[in-house]
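Heads up, the thing below is written out as structure tokens.
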Amino acid sequence: MAKKRKKSKTSSAGKKGFSLTLSTQNKIILGSLLILFSIALFFSFASFYFSWQADQSLLTEFSNRNEQAENLLNKFGASVSHFFMYRGFGLASFILPVLLCITGLYLFLGIDRKGLLSKWIWGLVFLIWISIALGFFALEKPLLGGLIGYEMNDFLQDYTGKIGVLLLLLFGLTIILVRLFRFSPQGIAKYFRTKARAVKKEFDTPVTETNLSLEPEPETEQEIPDPYTHKEDIPVLESEKSESSFLTEDDAGSDIKIEVETVQEEKEETDILAEKLVEDFGEYDPTLELGNYKFPHLELLDTHGAAGGITINQEELEENKNRIVNTLRNYKIGISQIKATIGPTVTLYEIVPEAGIRISKIKNLEDDIALSLAALGIRIIAPIPGKGTIGIEVPNKNATIVSMRSVIASSKFQNAEMELPIAFGKTISNETFVVDLAKMPHMLMAGATGQGKSVGLNAVLTSLLYKKHPAEVKFILVDPKKVELTLYNKIERHYLAKLPDVPDAIITDNQQVINTLNSLCIEMDNRYELLKMAMVRNIKEYNTKFKARKLNPNDGHKFLPYIVLVIDEFADLIMSAGKEIETPIARLAQLARAIGIHLVIATQRPSVNVITGLIKANFPARLAFRVTSKIDSRTILDTQGAEQLIGRGDMLFTQGNDITRLQCAFVDTPEVAKITEYIGSQRAYPEAHLLPEYVGDESGTSIDYAIEDRDAMFREAAEVIVTAQQGSASLIQRKLKLGYNRAGRIIDQLEAAGIVGPFEGSKARQVLVPDMYALEQLLNNETQQT
Ligand SMILES: Nc1ncnc2c1ncn2[C@@H]1O[C@H](COP(=O)(O)OP(=O)(O)OP(=O)(O)O)[C@@H](O)[C@H]1O
């Protein structure tokens, strides 16, 4: 608690320094500075009128302390006034101290700054108008219009002559009168009419005795109050009064301006408090604890020899075009048009077939075209959605590597206003492809071995490292191969999340994965609870509200970072732990989108028993590198095509409908090492982000089954197991005719007693007691000890 308090203190203190919204004290200080400065300017300008000729020679002697100017503010006044009045706008410069003074008053008195901008705009318009107008007299009196006024006037005169300038000024004046003072001919006419009527009325009113008489009015004229209603006592409401007079003035209605007062919504107590807190301390900044954190720079990434971009090989283009045209002609398919778009690894030839050609005919020729072009990885898209052409993708002879550096440096990524932007690589038309992981919201990645999955995962992680502060995103990395993601160990205390009391943040063990997934489910439930309390629908709204200090940390509210769970070799996990992994993953995938937990899962084997229907349904974003069969392609993308890719980062991405072919950005292990090194060497949080504790069924329970809590059939079951030397619950079920649950409980108790070993997935447990004699001894020892 003490720690927490300290933390919030430091954060608020630091916040003051960085905040763009001024605190009340700062407003008062700045306001008074502006007011005093405007007064100084005013006096300088005013005295400049009388002393400018005398002070002219001093302008170059500013640093000379012996020289004194006649200006009321001495050399400072003389210089500033010379700048604004002589070289600037002349007499109109007086508008500047007025504007500064108004701004100062706004700040000093804490007035809402809404109307200030328009005051400045109109002030500057006046300034220019007046200085141009006075520019006419600049030759005789240079101080009237100033140099700028004279120059502007002169410039306009060169093109329009004196009369033209006068007309332009008149036009400017009209704009000012109409826009600022809302002048209209009807308004002026009406003004004079009402004035005339008022004067006439004055003359027409007969002079009555009462309004001339000096005597007090007779009492009888007073209305006697109604003894029951006390009507006379009830004062007429101000608004009622004015309303009645408003209504009786029949024809003056249109020129009376109606002032609409917008009703401010009543603020809740918490809002007022939050506003006060924001005013005093500024918005909550989650990045403040690592305020000096520096994002990795581009130099850490390699260009991979692709700095020059794609080189077009004209010969290859021509050759491929001729082959496509000839092959199609052999099958009596005429082409009316052909166009090529060159990408980093493939070139797309878009063809428009002659009228009457069936599309399916071209699609069936995929293999023949591949044969004639002597190239692998030809993909035919017939037709290209939304274009009305047929696409033939042909791999380039010399593929260009798309470096991670080029996509990170692209303005598309740098300017991406996304929650979790990921720069995957480049499209076939060489455009950088950036997507938001938060919108996906989960992604499934598949590809045969060596086709670029690990590079793809690194691209995802690198993109986020280049864009997100450690306070904003946390990764949970699952790496059963134990080698792919080890490098990220260095950023454990910056970016990783883990279970408490677990030594390694990068998870390599199955049981650990199960525990982490279940812990994430608890985190998800906790976050939903927080969202419910804050009455918001998603993490973005929650964090915005938290930053605006509308959620009290004492109620358990905290800034919620995004959590990205990355699993490499998912098939391996599913094979060994099955439902135990599938169930929490499906639960997370179904529910976690709103609370900022996103899953990125990669697998080598996209078979249906790995990517089950339940998982697939919840992963709308799919990414396929080259796979070995059409069936695998269908499992991952719901369509074929991924088996035709050329490997080395060539991939297909879909987020529902369209499939996009991309070249994955390449980031090599040394680059990742450099980035993690760079981040890891900076000041970090005291420990990795901790997930809620989860006590697994298997790990916790096995130990403490008290002897008296044991099942009545415990001894018989132990004998069955030891005799058969097979530790399975189904054996106990069969032999002792027990239900599944009871048999399962007995097995747990046998494990606690040290008779069988721990759970080993689908295999039977190991029996730790060799024979009946040893069992007898073990059980006797137990009873003696108690
Ligand atoms: N985007 C890419 N651009 C260029 N080359 C790439 C790209 N992606 C991968 N490669 C090449 O392919 C090799 C294998 O890539 P990677 O290690 O990512 O494959 P993988 O699918 O993870 O394999 P495995 O499943 O065996 O781990 C890399 O070492 C690299 O040479």
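For all residues, glycine too, the Cβ spot is worked out from N, Cα and C.
These features come from TrEMBL:
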type     : residues                                                       : note
TRANSMEM : 28-52                                                          : transmembrane segment
TRANSMEM : 84-108                                                         : transmembrane segment
TRANSMEM : 120-139                                                        : transmembrane segment
TRANSMEM : 159-181                                                        : transmembrane segment
REGION   : 208-229                                                        : region 'Disordered'
DOMAIN   : 430-634                                                        : domain 'FtsK'
BINDING  : GLY447, ALA448, THR449, GLY450, GLN451, GLY452, LYS453, SER454 : ATP binding site
I'd like to know which of these binding-site residues, THR449, GLN451, SER454, is least surrounded, judged by other CB atoms within 10 A. THR449
Near the transmembrane segment (159-181), which residues from the same chain, at least 6 beyond its ends, have a CB less than 8 A from one of its CBs? 122, 125-126, 129, 132-133, 136, 153
I need the least crowded one of these binding-site residues (GLY447, GLY450), counting other C-beta atoms within 10 angstroms of each C-beta. GLY450
Predicted model, mean pLDDT over the domain 'FtsK' (430-634): 88
At a C-beta cut-off of under 8 Å, are there same-chain residues at least 6 beyond the transmembrane segment (120-139) that contact it? List them, or none. 88-93, 95-96, 98-99, 103, 145-146, 148-154, 156, 162, 165, 169, 172-173, 176, 180
For ALA448 (ATP binding site), the same-chain residues 6+ apart in sequence with C-beta under 8 angstroms from its C-beta are GLN604, PHE625, ARG626, VAL627, THR628, ASP632
For ATP, residues beyond GLY447, ALA448, THR449, GLY450, GLN451, GLY452, LYS453, SER454 with C-beta within 8 angstroms of the site's Cβ centre include exactly GLN604, PHE625, ARG626, GLY647
Nonlocal residues around LYS453 (ATP binding site), in sequence order (Cβ under 8 Å, 6 or more apart): MET445, ALA446, GLY447, ASP568, ALA602, GLN604, PHE625
Taking all protein chains shown into account, the Cβ-based neighbour count within 10 Å for GLY452 (ATP binding site) is 24
